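Note sheet for the following structure.
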Amino acid sequence: MDKVLNREESLQLMDLLGLERSAWGNIPLMRKAYLKKCKEFHPDKGGDEEKMKKMNTLYKKMEDGVKYAHQPDFGGFWDATEIPTYGTDEWEQWWNAFNEENLFCSEEMPSSDDEATADSQHSTPPKKKRKVEDPKDFPSELLSFLSHAVFSNRTLACFAIYTTKEKAALLYKKIMEKYSVTFISRHNSYNHNILFFLTPHRHRVSAINNYAQKLCTFSFLICKGVNKEYLMYSALTRDPFSVIEESLPGGLKEHDFNPEEAEETKQVSWKLVTEYAMETKCDDVLLLLGMYLEFQYSFEMCLKCIKKEQPSHYKYHEKHYANAAIFADSKNQKTICQQAVDTVLAKKRVDSLQLTREQMLTNRFNDLLDRMDIMFGSTGSADIEEWMAGVAWLHCLLPKMDSVVYDFLKCMVYNIPKKRYWLFKGPIDSGKTTLAAALLELCGGKALNVNLPLDRLNFELGVAIDQFLVVFEDVKGTGGESRDLPSGQGINNLDNLRDYLDGSVKVNLEKKHLNKRTQIFPPGIVTMNEYSVPKTLQARFVKQIDFRPKDYLKHCLERSEFLLEKRIIQSGIALLLMLIWYRPVAEFAQSIQSRIVEWKERLDKEFSLSVYQKMKFNVAMGIGVLDWLRNSDDDDEDSQENADKNEDGGEKNMEDSGHETGIDSQSQGSFQAPQSSQSVHDHNQPYHICRGFTCFKKPPTPPPEPET
């Protein structure tokens, strides 16, 4: 260090560094002080520029001198100040030493391993050794035992590492300490080594690989999970492999992996859950979860199975009992149900693409007929008289009601562009929503609220994905005939959805967490109060039915509460019973005609035409539909009072039950009223058929009997 700087420079540098003189030569301490003073003297930090320059110059000179002094040949050079005075004996010695050769003939150079042994001095130099390429994968004999997943989150407890001999020896100790392995062994494999080890806890392959790669900067390393632990270890102990070392003397045995008394863990059958969802057509995750959890209890003492009221339960309880018991303890209940529901929706998507609309409607009718067989069967709780009463009430809602329903079904099946939507318009409590709800259940579909803001409307329209029809319920607008009607933006929104209503082009429908679905928007119904409809929207309706409130229908409902309590008049089954009662068998699809015939025969046996006409008579009179067996004087007085109220307009009630108008530019042919199989009765009789409706002319009241 004394030759690096002279004394004046060294003192000056130590003063600039702020160190004691005794610290001269302590390079780390001087380096730390230098970095600290650089921040202090730097001009950008407000320091002294001259001191900064002087300190940098001296420190750089000192640093270069230290590096030069540590060179191996330092001291083999001479300095001009060290040359003796010319002419003296010292100068002669120095001169002789300066001219002395470093290599003498008596010396021999050690031979190198890389030198050629050829005798000729003109022989070809030796070729460079070729670098051996690193293997790309484990030996082929072991591939069947390994997992080949690359980007998997699966966790394992058994791994294998393929690397060089040197790194394998290092990793053997490092992995044993890092993961507290249960067992580890090192094996020879084609000039390389393989590590096989078991961990007490499960890890991802990527975690093991990342740790091992830190210790193998240049050496190759391949890390994989092991699927077949014992087969892998057994193969590593046989040729062409061999054991170098292992943590357990004697290694592993087969019974270490397959204990004799091990019990097989029973797994939930996802397939059975999916089959149940498909058979019941359940597309609600939570509903499916709740129904399947009910199967975990014994079916022998199940009240639902004893009563046999719910076919979705008692038909499947015994079959799914064992699987549901395992399902109840599963941690993936919702995931299993979600997959089952997705399968149901996928089947529905396939049907919407592959089946015709007529086939889809036929399948819907089959489902309704199955429900009717259960409802009105021996174990069912439904009363067919009440449902036929609902048919009688619905048939009085509009003239030729069965033909209206038949026309609507044809319109939905044909699905002709710009001739796909019906408009139900009328005041409050006129029957619009009742009929729309029944038609919706008859065909299958969804009801949509179009009165929402535009930013929420897209997701509301997404509900229509893969549906047979939709109902835009209670659409609000502006400029209604009555000032009491609330205003809304529903009609304006519908006017902006002309391409949806037309059905000429496919539109994009979206749901949350799902990709957009491009399809023809389904046809359907629009219900509204007496709002004004713009011409651009009116042109999208093939038929408009104007509803009017009718007092006799309202009074009949008040006296027949079961029609509303059991939602009979809003049910598609009531409309299907109406079609079975009124329409000929030939108008139904051929595949269900046999079932229609069976139901026609059953209705003929259980209901005569006179009984049905009594029901319609009671509807027109505004009394209870099933109140035709009245014997008390009070009931006779009530009936007479209702008859007097309707005496002047008995037939008018039926004639004014509603009227329908077709769109001028898009008219649709109407169907003739069905011809009844019964003969036309005389007008003098109390109940008979007259132009498809009941002529309600009561016979003259007999004179009172004289008192005795």
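The first residue you see is number 1, and the count goes up from there.
Placed from the backbone N, Cα and C atoms, the Cβ positions cover glycine too.
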Among SER189, SER242, SER487, SER676, residue with annotation phosphoserine (source: Swiss-Prot): SER676
Candidate annotated as phosphoserine in Swiss-Prot, where the set is SER430, SER482, SER665, SER677: SER677
Which candidate, of SER120, SER312, SER381, SER670, Swiss-Prot gives the annotation phosphoserine: SER120
Matching range for Swiss-Prot feature annotation, motif 'LXCXE motif', among 23-27, 103-107, 268-272: 103-107
Which candidate, of LYS266, LYS516, LYS697, Swiss-Prot gives the annotation N6-acetyllysine: LYS697
Helix, strand and coil residues within the domain 'J' (12-75) as assigned by DSSP: 48 helix, 0 strand, 16 coil
Tally of residues which DSSP labels helix, strand or coil - the DNA-binding region (139-254): 40 helix, 41 strand, 35 coil
